[in-house]
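**Q** The annotation domain 'Pyrroline-5-carboxylate reductase catalytic N-terminal' is assigned in TrEMBL to 3-95. The NADP(+) binding site annotation in TrEMBL covers Ile7, Gly8, Cys9, Gly10, Asn11, Met12, Ala68, Ile69, Lys70, Pro71. What TrEMBL records for Asn56 is NADPH binding site. What TrEMBL lists as domain 'Pyrroline-5-carboxylate reductase dimerisation' is 159-263.
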Amino acid sequence: MYKIGFIGCGNMGSAMLRGVVSKGDVAPSDIIVAEPLQEKADAVAAEFGVNVTTDNTVAAQSELLVLAIKPQVYAVVLEGLSEALGPDTLLLSLAPGKTLAYLAEATKCTRITRLMPNTPAAVGEGMTSVVYNDACTEADKQAVMDFVTSFGRAQVIPEHLIDAATAIAGCSPAYVYMFIEAMADAAVIEGMPRAQAYQYAAQAVLGSAKMVIESGKHPAELKDAVCSPGGTTIAGLRALEKAGFRSAVIEGLEATCEKARNL
Ligand SMILES: NC(=O)C1=CN([C@@H]2O[C@H](COP(=O)(O)OP(=O)(O)OC[C@H]3O[C@@H](n4cnc5c(N)ncnc54)[C@H](OP(=O)(O)O)[C@@H]3O)[C@@H](O)[C@H]2O)C=CC1
Ligand SMILES: O=C(O)[C@@H]1CCC=N1
């Protein structure tokens, strides 16, 4: 495994790091994390046992460098790293909208990969999309796959699908949490204690997702098996359709793709 550097360790960086460190395939001593604030860097070192720094010298010390910073700071951060980043670094970028062409233009790196992970990486259940540029070697691809599969599932996709991947995997945990909250609110209306309602809603989502993945059945078939004729589920389903549930989800993901294209 390559020496891994992280520039930024916020929500997504720390989720990946938590997944990688828990799996145990990479020694924390082979990981170095840059966080500008000393207090934050110290907290990362204390939690994960990795090396930390408050400047971006990490770039020169890593063979595989993860850019886990917001797209809005890319230009300034990459400019500051121009000397440190070159053909020796395999650059992994997480930001929507920052294309392979942009990254090649903004750095002297030749080997570049875009990743679109999601925060369930923190519990080893991430879904990561991977886009390699042409210069990535077979060894690079293996190293990237070893890295991303240490915190969940991963698939290589063509770059034109990354906005869809951003919506359906990168962002969708937020939408699923919203769905869980809404279901819990309904149970609270009926008198269920809130903490219990979150557990019920989350377990129902977890179990349903597992059924889709493990049964191989079409989601509609699984849905039909829940809807007893003349029963409760179909009554609720009708109300959801009337309220535009499917359409709301499609519009939400489409708005996400549109934003990703224009970041
Ligand atoms: N959050 C998510 O679910 C997902 C995020 N992504 C992508 O991952 C990237 C990171 O997002 P996210 O983790 O949410 O963002 P966060 O803001 O949570 O984390 C970014 C971290 O980088 C730090 N930082 C800022 N400037 C620098 C710098 N110059 N050098 C080093 N570190 C710096 C920030 O510190 P400070 O806060 O002190 O400024 C912060 O801790 C983004 O490109 C995002 O689009 C992709 C998939 C999912
Ligand atoms: O909201 C965002 O832009 C980032 C990218 C995917 C998830 N979070």
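Just so you know, glycine gets a Cβ as well, placed from its N, Cα and C.
Can you walk me through where each of these features ends up in the structure?
**A** DSSP assigns Cys9 (NADP(+) binding site) to coil, not to a helix or a strand. Long-range C-beta contacts of Cys9 (NADP(+) binding site), restricted to its own chain and to partners at least six residues apart, with a cutoff below 8 Å, comprise Leu17, Val33, Ala34, Glu35, Lys40, Val44, Ala68.
In three-state terms derived from DSSP, Asn56 (NADPH binding site) belongs to neither a helical nor a strand segment and is classed as coil.
Residues of the domain 'Pyrroline-5-carboxylate reductase dimerisation' (159-263) grouped by DSSP class, helix first, strand second and coil last, total 89 helix, 0 strand, 16 coil.
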**Q** For the domain 'Pyrroline-5-carboxylate reductase catalytic N-terminal' (3-95), report the average pLDDT of the model, please.
**A** 93
**Q** Restricting to the same chain and to sequence separations of six or more, state which residues have a Cβ under 8 Å from that of Lys70 (NADP(+) binding site).
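**A** Non-local contacts for Lys70 (NADP(+) binding site): Gly8, Ala95.
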**Q** Mind giving me a neighbour count for Ala68 (NADP(+) binding site)? Other Cβ atoms within 10 Å of its Cβ, every protein chain shown.
**A** 26
**Q** May I ask for the distance between Asn56 (NADPH binding site) and Ile7 (NADP(+) binding site), taken between their Cα atoms and rounded to an integer number of Å?
**A** 7
**Q** Just how spread out is the NADP(+) site if you go by the largest Cα to Cα distance in Å among Ile7, Gly8, Cys9, Gly10, Asn11, Met12, Ala68, Ile69, Lys70, Pro71?
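**A** Greatest Cα-Cα span of the listed binding residues: 14 Å.
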**Q** Which residue counts does DSSP yield for the domain 'Pyrroline-5-carboxylate reductase catalytic N-terminal' (3-95) in the helix, strand and coil classes, in that order?
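**A** Summed by class, the stretch gives 41 helix, 19 strand, 33 coil.
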